[in-house]
Amino acid sequence: MWLVTVFLLYSLHEVHSEDVGSTRLYFVNASLQRVTFSSSVGVSLPCPAGGSPHAVLRWYLATGDDIYDVPHIRHVHANGTLQLYPFSPSAFNSFIHDNDYFCIAENQAGKIRSPSIRVKAVFREPYTVRVADQRSMRGNVAVFKCLIPAAVQEYVSVVSWEKDTVSIIPGNRFFLSSYGALYISDVQKEDALSTYRCITKHKYSGETRQSNGARLSVLDPTESTPSILDSFQSGEVQAGRSVELPCIASGYPNPTIRWLKDGRPLPADSRWTRRLTGLTISDLRQEDSGNYICEVTNSFGSKEVTGHLNVIDPLRVTLSPKNLKTGISSTVILTCTVQGSPEFTVTWYRNTEPVTPDQHFSIQGVHNETLFITAAQKRHSGAYQCFATRKDQTAQDFSIILLEDGTPRIVSSFSERVVGPGEPFSLMCAAKGAPPPTITWTLDDEPVARDSTHRTSQYTLSDGSTVSHVNVSNPQIRDGGVYRCAARNSAGSAEYQARINVRGAPSIRPMRNITAVAGRNTYINCRVIGYPYYSIKWYKDALLLPDNHRQVVYENGTLKLSDVQKGMDEGAYVCSVLIQPQIYIRQNVYVTVKVPPLIQPFDFPPTSIGKLMYIACVVASGDMPIRITWRKDGQEIVSGSSGVNIETKEYMSSLQIPKVSLKHNGNYTCIASNDAATVSTERQLIVTVPPRFVVQPNNQDGIYGKAGVLNCSVDGYPPPKVMWKHAKGIGNPQQYHPVPLTGRIQILANGSLLIRHVLEEDRGYYLCQASNGVGSDISKSMLLTVKIPAMITNHPNTTMAIKGQNKELNCTARGEWPIIIRWERGDTVIDPDRNPRYSITTSPNEKSDEVISTLKLKPAERGDSVFFSCHAINSYGEGRGLIQLTVQEPPDPPELEVREVKDRSMNLRWTQRFDGNSIITSFDIEYKNKSDTWDLKHATRKIAPTNHQANIVELHPASVYSIRMYSYNKIGRSQPSKELTISTEEAPPDGPPMEVTLQPMTSQSIRVTWKAPKKELQNGVIRGYQIGYRENGPGSNGQYSIVEMKATGDSEVYTLDNLKKFAQYGVVVQAFNRAGTGPSSSEINATTLEDVPSQPPQNVRAVTVTSDEAVITWSEPPRMTLNGVLKGYRVVFWSLFPDGEWGEMQNITTTREQVELKGLEKFTNYSVQVLAYTQAGDGVRSNVLRIKTREDYPGPPAGIKAVPSSATSVVVSWLPPTKPNGIIRKYTIYCSSPGSGQPAPSEYEANPELLFYRITHLTRGQQYLIWAAAVTTAGRGNISEKVTVEPAGKAPAKILSFGGTVTTPWMKEVRLPCSSVGEPTPTIKWTKDSEDSAIPVTLDGHRLILANGTLVLRSVKAEDSGYYTCTATNTLGFDTIIVNLLVQVPPDQPRLTVSTTSTSSITLAWVPGDNGGSSIRGFVLQYSVDNTEEWRDVFISSSERSFKLDNLRCGTWYKVKLAAKNSVGAGRISEIIEAKTHGREPQFNKDQPLFTHINSTHARLNLQGWTSGGCPITAVLLEFRPKGTWAWQSLRTNASADVFLAELREATWYELKMKACNSAGCGNQSSQFATLDYDGSTIPPIKSARGEGDDVKKLFTIACPVILVTVGLALLFIIRKKRKEKRLKRLRDAKSLAEMLISKNNRSFDTPVKGPPQGPRLHIDIPRVQLLIEDKEGIKQLGEDKATIPVTDTEFSQSVNPQSFCTGVSVHHPALIQNTGPLIDMSDIRPGTNPVSRKSVKSAHSTRNRYSSQWTLTKCQASTPARTLTSDWRTVGSQHGITVTESDSYSASLSQDTDKGRNSMVSTESASSTYEELARAYEHAKLEEHLQHAKFEITECFISDSSSDQMTTGTNDNADSMTSMSTPSEPGICRFTASPPKPQDYDRGKNVAVPIPHRANKSDYCNLPLYMKTDPFFRKQPELHDPCPVVPPREASIRSLAARAYHTQARHMTLDPGKQQALTLGHAALSTATLPQRTLTMPGPSTQGTAATAAPATANAGSGSNPTSATKIAGSRDSLLESSSSGLGRLQKQGAGAYSKSYTLV
């Protein structure tokens, strides 16, 4: 089976889909499936199908019968249109007028058929509609139904209902259901006083009917169970439509209705609407199908209505592929995709014929949706259609299939070539065919190998061509030979071959023997490889070929044998190749020839039934064995079956039929086959039978107009041909003539004659004659008699009568006698005996066989305007004639209504009900003042009858009129209509405002004042004013801009703003009232005030004149941008120094357009800007123009030194000139010896890049004067001061470098030179001054001293600023220089404030902060809308201190922040401030009326009542609905438009909701209003129906709790969101700071170790001082309210965390007592500063944010039981593979008081926030020397409410800052870990500074807290005998600063490692106060030396005999880098491991 599947898929892949061509078929309207028409009109039906080119169109009945023309009944036009003519009811023929038709279109592409179309004629037959009387209880619902006869129910629908002849407009209490029922809700007693009628209309004839009048009986309520008044039934509806399920009941109390679907309450869906009439479902979907139950319940019982609704989707069919062109024998798969409702059937057609499965066709699929055509043949081409049918739905699609001979052909190929070994070559072969062929490759008849050097590819082009390539990348000799490409598909094959020669030694591949078929061609390839060779020759029997005409030898060595013969061509062939002269190579091949069979011709002789048949099939030649078989009609014949015997011998097979019969007719094939081929011969056997009658014709009757069949059935073989002949007349037949076969008359398949429509001329004799050429013809005659049924031949279709006059109706009938005539009125038989107003007379006319009948009416009445029918009846049928009688009379008066009322006109609309059955000829309208009589009326006469509305003009505003109307027809005039009373509206004012004045206020505003128009011209209440203004200057467009304001009184004021500066404006003012706008005032002009210029001067240029003078020129700014009178210009300029700093900014004021700048610095860059100014101030500056002054003579060198370097030489050094005034080209050094007698000094030239020079060959002991001068291109400058020097052999240390001030940006590398000379060579020492001391510069990765004495500072920060002292010392003396290093940092944050705001702008002001040591270059202002994060940037000049943000949205909150920039970069961002532009959301003025006009169908809204709130109103959204309904109607408009609510219901209360929106928000207004009654009167307040009110109450009862809960949740969500937004606002600034700090401080490191330290961590929670252990199992509390925590071995046991290799305990503790003050003050930290080294430390009692420390006690599971409590980093080594992790943590506590700290977790002061504190902790950690190259990792963030909920984690991998960490939504805890680079080896670690163990002395002891002083440990330390060690004098001499917060007794020590002493503390000393720092420098002694000199306590700790760990007391002021000696020794033994330092921010 899978093989079949693969074959089908392969064949499908081969099918090529493309455009079949220009020939096509199509459908014009394939969805047409039903046509209903009126018999009196007829119908024309175009064929739904078509084709291009022109297609033949034919119509058929659904049965397949052809359509024939019936005179005056049916006709098919040449263009394919089927026309059915109008016909009388007596001519109705169901075969024609009620049948299924289809149309076909046929051209060369095929033939398609349309879906069946149901054509049905509808008679104009009489019918009546009735309404039954109803009963209902008061307060209940009454239902009237219009009862329509079932015969016409399909075509007649209810169009309206009347109440007392007045049309009922749905609304209020009257409702119309979708199927025409009338519902009256809340029935009242007065409803019983009226009669109710329904009006119907015929869908096709257009005629209307009015029912009888029905009454309603209203009963008093009595308690009763519900009774169903109207219900629904099961039905089927198409998807997308709407359906109404009626369900209404009566009862008392009023029943409630509950709907269920499939047993469940209805789902919430806006498509489901519960109305009084029932349940309405719109936009139906399939899921709406189900069982619906309507439960009706009251307190006395319940009832229910059940029905099933089935929603069906229309069928849609898609057939793919659409058009297909493929080859014969391919497989075609057509897929029919059907969409829509299930339960459909699929039918297949080919060229309009049903597809029958056979050996080629198979239909598969669940719904027969797949058609397979296997081994497709040419005859299978055509149009294939797929029809899907479901009940009365049909859909189809079609596809054109074109099958053609697709035998492949080669269209492109390759040629022979020669290639060398290794030379790649490619061969291409392209073929075409259908289906696209597959190409295979062979080399010398062997398939081409596929390996790394042989590649084949194949692809199909868009035109169907298949292209294949063979690529040989590295050909060898074996790759040469004959390459053949073979293209094959299901239709055949084609080949091409050519030789490819590869250079090399020739040889011949082994050749296989060949079998050839005699009579065909054979090719033999000589499989030669290698090249070159001379020739290829073939030999047979030693003869050189070719030796006859059938042999051909090609140049490539291929031998062709044509028409192979067995005797001549069979044998051995030799291929001989000459490879060198006289050298051949040969190969043999043997050819075997097979001879195919040859069948001698044979034929079947003619025969007849019963005879013997013998035929022999003889094979004349062919190789044995030969197999012979027989087939009949393609099926193999089995001997002995069906009376056929087969006898087979060696060369012959005979077919024997003893007794021939008709079943032996057919095609017989003899097939002979052997190994060579299979051949066949086919012949036909025909058995003849003479014709005979099966059914003979007999005389019969035919009925006129009906179908008739004349029976005549014959058989025989060949099938006989039947011919009918006709002889007219009923006497003896005289002459027969052939019957003309038309569509009306046809011969059936069995020979009978079908007459589809019998006519009178068809009567006579008919002859049936049959013949088939066998024997003689046979014939038989018969007589056809035509009977005429009774029919009406003449009657009037319509006739008129005048009411009150007599009328006669005549009717003529004919047909077979006797004929009976009967008259009917409507559907009632007329009996003159019972109704004397009618009389009937009948008179026969024997000459014409007609009967005339007359009906008389005496007299005619309005009720006689109905159908009368006369019926003629005889034995053969019945005819009927319809006569429509119309009784005419004067019309009824029209129903008049007012459509619109204006100030001076009104629009009337009327409806003409009954026109008196006569066309209305005109209307008259009369109107008068309410107080006048009709004698003083005004009239509009003879209004055209086509008009149903009119405008009455020239009325007076605010007047009351009475109006009435008349109708006219040709019979007379109607009675007057009901009077209407109308009031006209107000009119716009007729006068302008008075006393308009203008006053300019600013450069962009003008104040307008005026007074109201005169009272007599106001025409109503003035509601407001429109102010029009326009610019009157040149270039203005002259158009007024309009603003609007509300009226406030008699005097008004308005300020126009956003005007152009210093421009003249013209202003006009108009008043408006409710009706409109009055005339404008006269234009008055005013000019806005001056302002600063908005553009800079143009064409600014600069020219340097001398080295200190430049000329600046410019031109005036554009006149339009001056914004005032130009007063002059200012030139602003400043210098730019080489270090990036700016000089002082200067300016010059002038009125000219040129200025000379004098006294400039020489050879200096200057920046220049020019601005213009007016009376209002300075304008915009021009772009910065940069100039440079010229070179000049340089100044003297800034300093010079000369020091002896030997007995005969000195070294001179100098500083560059302070003012070089150019590029220094060289320096000249002068040396003079006053005592030598040589007056002229010696001169030496020095390179300008070297600032020192060695002068040699001097005299020892001689004094020399030395000075220097600089040289530029301008010449030599002034000389320096002169210094005296004397060469000496032994020289004291001297420093050649100079001190002074060095300025640098932060994060740069700085080199401080200190070059020295002296003998012996001096030693260099650098120190940095502190407050009162000098501290030696520590050498580490940050600080480095080069061999020449230069101090290198890498990545300098603000704390690196200070005075650095370099001391050079030798035995003869020392020298010192002091360098003041100034590190520039980004500027501090500015203080930003809001100064003013307007509707579209915010003006900001700020005070800059500290500039960070570099002048501020500018400011970056960022702003965004408050609820977004889309920030916009504005760049502001450095000189500005305010800025105005323009073009902002009115009434909107904005967020603004500001940052300053200097040469270093951008500084901290200011606090985010918020400001709101002026304006608020719109509000409706309560004093304004909501409506200006309301009538019965329209309402006009007063949108002028909306106040804009200062922001223009952009949109107004209206929603309104009748009160008590569900659906809202929406309308959108703008505030200036006139809004009319149209098509309202008459006398109905409405609900209205309005929403007006501007940029500040939206305002809402709700109201209720009622339309007027039809007569213009108002209606009473609405009274809700009792039942409906109960529903509403229940709805509110259910909805209120739900709404309250929803609102509560929404408010809670909003509050939480607002709180979160407020927190986030305060976090954003600090987040930016944190991002900046971390990104600035990241540095590279060696090999980071990621991940936090393992093991549990011990924390103290600050609020309760609780000790917690964190591990994977959770958090457990160890202690509470303890300041001293004992740590024992229990906490470090294996049970804590067995999986952890190292166990650590961290002790986190705040400040010990409040008196100690902050450990580190964070209140004034700036980027890049060290909080410890700042001079402005706050008071010790400050409550600002502080840091406290956390220590980690770590134990590793190693052989050495070492325990340490430490807080710093040290060098680590490796021994025994043990790794230790030590950490130190910082935490920022918010306050000393815990509760206050919690409350101030996020402070708005100084942008303090969680992020800021984290940033400060981060920055502080970065200041640690040992963390300068650390990797920082954000480890976790916790919400403060629940610290166990982890929020974010992120890693800063030395690239990005904390931006990777998500913003916490709540303030809380954030941790990050600092991991220094791991040391590479022990040698690198030996010289790293590590802390020493702290020696506790008395001073230390005295400064401890009280509870620490009482610790037993301090009472047991006898060896601490020296409380105050003396500071070495040398160190004391260089200190300049004292420790600010340290105790004064603290001393700095430099100790020898061998003299270290350890301090052993008990566990009680773990929590200590601030202690001083000690630093240990290790030159390199071993650990053993350290251990040998350690204190006894240390030895104990190291041996493990003492359970107390050797540890230290650590403070947190500056990391307190101290450690015990045991810890140091252990670190030196351990290998590089994981480093981490965690910082916890609380």
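Numbering starts at 1 and runs along the chain as it is shown here.
Every residue gets a Cβ built from N, Cα and C, even glycine.
Marked as compositional bias 'Basic residues' by TrEMBL: 1735-1744.
Marked as compositional bias 'Polar residues' by TrEMBL: 1783-1792 (among others).
The compositional bias 'Polar residues' feature in TrEMBL is assigned to 1843-1865 (among others).
As annotated by TrEMBL, compositional bias 'Low complexity' applies to 1979-2001 (among others).
Residues or ranges marked as compositional bias 'Low complexity' in TrEMBL: 2012-2027 (among others).
What TrEMBL lists as domain 'Ig-like' is 115-217 (among others). Residue counts of the domain 'Ig-like' (115-217) by helix, strand and coil are 5 helix, 49 strand, 49 coil (DSSP-based).
If you look up TrEMBL, you'll see 226-306 (among others) marked as domain 'Ig-like'.
Taken from TrEMBL, the feature domain 'Ig-like' applies to 314-399 (among others).
Per TrEMBL, the feature domain 'Ig-like' maps to 408-501 (among others). DSSP assignment over the domain 'Ig-like' (408-501) gives 3 helix, 56 strand, 35 coil.
On the 0 to 100 pLDDT scale, the domain 'Ig-like' (506-577) averages 91 in the predicted structure. The annotation domain 'Ig-like' is assigned in TrEMBL to 506-577 (among others).
Residues or ranges marked as domain 'Ig-like' in TrEMBL: 596-686 (among others).
Among the features that TrEMBL reports, domain 'Ig-like' is placed at 691-785 (among others).
If you look up TrEMBL, you'll see 789-888 (among others) marked as domain 'Ig-like'.
Among the features that TrEMBL reports, domain 'Fibronectin type-III' is placed at 890-987 (among others).
Annotation comment: TrEMBL describes 992-1091 (among others) as domain 'Fibronectin type-III'. Helix first, then strand, then coil: DSSP counts for the domain 'Fibronectin type-III' (992-1091) stand at 3 helix, 56 strand, 41 coil.
The domain 'Fibronectin type-III' annotation in TrEMBL covers 1096-1192 (among others). The DSSP breakdown of the domain 'Fibronectin type-III' (1096-1192), given as helix, strand and coil counts, is 3 helix, 54 strand, 40 coil.
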Contact check, the domain 'Fibronectin type-III' (992-1091) vs the domain 'Ig-like' (226-306), 3+ Cβ pairs under 8 Å, seq sep 6+: no
DSSP helix/strand/coil residue counts for the domain 'Fibronectin type-III' (1196-1291): 3 helix, 49 strand, 44 coil
Maximum Cβ pairs under 8 Å to the domain 'Ig-like' (789-888) - stretch from the list 115-217, 314-399, 596-686, 1386-1480, 1485-1581: 115-217
Leading contact stretch, 115-217, 314-399, 596-686 vs the domain 'Fibronectin type-III' (1485-1581) - CB distance under 8 Å: 115-217
